[in-house]
Amino acid sequence: MESQASENGSQTSSGVTDDYSSWYIEEPLGAEEVQPEGVIPLCQLTAPPALLHACLASLSFLVLLLLALLVRRRRLWPRCGHRGLGLPSPVDFLAGDLSWTVPAAVFVVLFSNLCLLLPDENPLPFLNLTAASSPDGEMETSRGPWKLLALLYYPALYYPLAACASAGHQAAFLLGTVLSWAHFGVQVWQKAECPQDPKIYKHYSLLASLPLLLGLGFLSLWYPVQLVQSLRHRTGAGSQGLQTSYSEKYLRTLLCPKKLDSCSHPASKRSLLSRAWAFSHHSIYTPQPGFRLPLKLVISATLTGTATYQVALLLLVSVVPTVQKVRAGINTDVSYLLAGFGIVLSEDRQEVVELVKHHLWTVEACYISALVLSCASTFLLLIRSLRTHRANLQALHRGAALDLDPPLQSIHPSRQAIVSWMSFCAYQTAFSCLGLLVQQVIFFLGTTSLAFLVFVPLLHGRNLLLLRSLESTWPFWLTVALAVILQNIAANWIFLRTHHGYPELTNRRMLCVATFLLFPINMLVGAIMAVWRVLISSLYNTVHLGQMDLSLLPQRAASLDPGYHTYQNFLRIEASQSHPGVIAFCALLLHAPSPQPRPPLAPQDSLRPAEEEEGMQLLQTKDLMAKGAGHKGSQSRARWGLAYTLLHNPSLQAFRKAALTSAKANGTQP
């Protein structure tokens, strides 16, 4: 009996076990987990990112050491070579003749890496930050300090990549080729193995890396080309002296007679196309022969375009795919959800589904339209601001006073001017990012309000809230419109008369009566104008937030605008330190033929007979030598004219020596 009971118990338990196991027969077992639909699995690279970045960091440090040895060997004085290594400069921002392509590409690569830090859980690739458990049982990790450290790591990582171009040597070009190929190869390898990423959007990492890949690809082609050219033309020793091609071209363009092509045809005889071209030429930036924008302005413009792309991409992929998923998942249950809030769109549930989907599609279209409008306005204002930069720099170069509020008191460098010059590109990039974000919010609210208050009600014939409000308040709007129209008509036909060709005020009594009677109505008009003033000023400041060449504050408070203050100081440094006219004049002085060195003269106390006879012969042949000294005389006059120009041009005051202020006649100093 006991055995039977035990058998029955075992059968019962096994049966129960079989019954329980049948409950989970459709569940995935063990490691055979199925990913939900639409979820991108985490991709594992063949080589760990920590190992790749450790190799890149080591290679960059080695290249930097080799460049330091090269700079110490080539550029430092031999007697000072044992004191330390010469740190190569990544970019010479004040040089006018250097190519802007390599610095712009390096800055694009650096900024793109910083943009990729936003969704990354590991700011430093060679550190694997694991989440720590909090006392509440939740997983938390403080990544803020590591992201701040990454802001210093990436500039140090790409420092040698930019310094190889500024060294201008065959060995530097070879090191730049190896380093650029290594960076480009690692990025291509990572994106080829893992093109999709579950963070934010599956293709966001790949799309955000396009500027990075373009910049590294350009550098991986530029360095080999420069290496081949240096080997072919034997220019490995580098160029010596001042680079004067741009400064001499600027001087020739400045001194040559200008062609007045625009004045040859009257404005009345121009066609519509020519007028449009002239308007665009005066409104946006077009290249001008003989003038080149400073390197920092070119870099800031490039970074503004890159920042616009990165911010627009982030705004697009973080909202539009989510709205599309929500629209695709709408079913008849949404009618019950809306009914819970007291919203009944229709009695037919299927019609409610179609209406909700159409409204979501309208929101998506308004969002994309606002994003396109924001990007277009940013690019147009960027092109227009480049023309303003050029006009301001040309005015400072010729010594004119700029129409700035407050005006520049002096172009001498100062502490604030140097700090502003250092941070100009970074400020411009940050202002562009924030300006695009604010523009997107304002334009999206405007387009959405216009769509749901005007277009959607007119298409569906329901929810005509705007038309109903106008229907109920039409007496107010009619009164305001009539008051404004009648005041303008009375001002033109009753209170003004033309006397001897000049307008004069008349009917003063009627003018005072109308002013008193219309005071309450004008208060209503003033309230409307106040709202319009707030809207138009907000829109204007939003659109021009990314521009630093104009102040968003009134003239009396323009100095409180940090962006405008930075721009003024930036112009001060550029005008005082990279004046192309000064560089050209100094190059002409350095390249001028120097007189032949003469042997040192003996003391003048006693002359030997031979020297006395030689002096007599020189006195006799003075007239003959004066005939052949015409060329030297003209050269001396040209040098005196150059010195006079350098001394009296107000835009060149920063280049004068302080000793010239106390100079005496014939150059003798006290």
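Using N, Cα and C of the backbone, Cβ positions are placed for all residues, glycine too.
Annotated N-linked glycosylation site per Swiss-Prot: ASN8 (among others), in sequence order, evidence recorded as sequence analysis.
The N-linked glycosylation site annotation in Swiss-Prot covers ASN128 (among others).
Residues 304, 377-378, 381-382, 385, 424, 427-428, 431-432, 434-436, 438-439, 442, 476, 479-480, 483-484, 487, 490, 495, 505, 563-564, 566-567 of the same chain lie 6+ residues outside the intramembrane segment (511-548) yet bring a C-beta within less than 8 angstroms of a C-beta in it. What Swiss-Prot records for 511-548 is intramembrane segment.
The phosphotyrosine annotation in Swiss-Prot covers TYR644.
Among the features that Swiss-Prot reports, topological domain 'Extracellular' is placed at 1-50 (among others).
What Swiss-Prot lists as topological domain 'Cytoplasmic' is 72-97 (among others), and the listing cites similarity to another entry.
Residues annotated as topological domain 'Extracellular' in Swiss-Prot, with similarity to another entry given as evidence: 119-144 (among others).
Residues or ranges marked as topological domain 'Extracellular' by Swiss-Prot: 190-205 (among others).
The feature topological domain 'Cytoplasmic' is assigned by Swiss-Prot to 227-296 (among others).
Over the topological domain 'Extracellular' (318-368) the predicted model carries a mean pLDDT of 83. Taken from Swiss-Prot, the feature topological domain 'Extracellular' covers 318-368 (among others).
The annotation topological domain 'Cytoplasmic' is assigned in Swiss-Prot to 390-423 (among others) on the grounds of similarity to another entry.
Per Swiss-Prot, topological domain 'Extracellular' is recorded for 445-474 (among others), and the stated evidence type is similarity to another entry.
Swiss-Prot lists 496-510 (among others) with the feature topological domain 'Cytoplasmic'. Sorting the topological domain 'Cytoplasmic' (496-510) by DSSP state (H, G, I as helix; E, B as strand; all else coil) yields 3 helix, 8 strand, 4 coil.
What Swiss-Prot lists as topological domain 'Cytoplasmic' is 549-670 (among others), and the listing cites similarity to another entry.
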Based on DSSP, tally up the residues of the topological domain 'Extracellular' (190-205) by helix, strand and coil. 6 helix, 0 strand, 10 coil
